[in-house]
Amino acid sequence: MKRCCEGVGLPCLFKGVGMASPRPPKYLLVFDFDETIINENSDDSIIRAAPGQELPEHIRQTFRDGFYNEYMQRVLAYMGDQGVKMGDFKTVYENIPLSPGISELFQFLSKNHEMFEIILISDANMFGIECALRAAGVYSLFRKIFSNPSGFDKRGYFTLGPYHSHKCLECPANMCKRKILTEYLAERAQEDVEFERVFYIGDGANDFCPSVTLTSSDVAFPRKNYPMHQMAQEMEKKQPGAFQATVLAWESATEVAHYLQEVLKKKC
């Protein structure tokens, strides 16, 4: 993995964090963050800290599809100009509601942590994710978090950078989750850690890209009727069998917990 600030040019940036497992677990569990762990898009949520809880039209008009990271850099610069500080952002992140059933899923994972290696891949930002996970009391469950580097500069402005560059035509310019997941699995294999199965929990179009690489023994858990789920259904219609992983859509993450519980029972 690249060093924290390599190629970004922003001060005080966080890129990846982790905790080592005492022994190799059997399963890799991959989480998305926005509208998966939390029940909102955190980039939208932080607008609650802006004056009047809205952005001026001239900022909103700069959005370009596929370049959301650059857009959010402009949003954060505007909010810094308006005097929004770290504590204001932290308060918002800590109070974003969790998605239905996520607390129960985390309770299950906490009790069975030796069986799962858990990572998070998100196109949000490191500061916001860490605030939310710590507030929920689940930060220590994650071996690694992959997200866009963020921090606060000498002015106290919230700064954001791209995670990496890539050649995937399906993903935003700043992040391809397929590239991150593929490289992570290769890195763990070099460390003699190979997983029996991979479980991927997400909701968005950028979660569909990595889920296409899953094998027939793996499971994709798309949030029901969100883009990831819709894209998996469309692929199955157009190219039956092309999407190899089992697809189990969820409305409450308790459904994911119940499935994983059954997996563990069968191994006993």
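Glycine is treated like the rest: Cβ placed from N, Cα and C.
A TrEMBL annotation is a machine prediction, not a hand-curated record.
Pulled from TrEMBL, these are the features on record:
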type: ACT_SITE; residues: Asp32; note: active site, nucleophile
type: ACT_SITE; residues: Asp34; note: active site, proton donor
type: BINDING; residues: Asp32, Asp34, Asp203; note: Mg(2+) binding site
type: BINDING; residues: Asp43, Asp123; note: substrate binding site
Exercise. Near the Mg(2+) site, what residues other than Asp32, Asp34, Asp203 in the same chain have a C-beta no further than 8 Å from the centroid of the listed C-beta atoms?
Worked result: Phe33, Glu35, Thr36, Ile37, Ser122, Gly202, Gly204, Asp207, Arg223, Tyr226
Exercise. Between the residue listed as 'active site, nucleophile' and Asp123 (substrate binding site), what is the CA-CA distance rounded to a whole number of Å?
Worked result: 9
For this session: Could you check which of the recorded positions (Asp34, Asp43, Asp123) sits closest to Asp203 (Mg(2+) binding site), going Cα to Cα?
Result: Asp34
Problem set entry | Count of other CB atoms lying within 10 Å of the CB belonging to Asp203 (Mg(2+) binding site) | 25
Exercise. To the nearest whole angstrom, what is the C-alpha distance linking Asp43 (substrate binding site) and the residue listed as 'active site, proton donor'?
Worked result: 9
For this session: Just jot down the residues in the same chain as Asp123 (substrate binding site), at least 6 apart in sequence, with C-beta under 8 A of its C-beta; none if empty.
Result: Asp34, Tyr68, Asn69, Ser147, Asn148, Tyr163, Pro172, Asn174, Met175, Lys177, Asn206
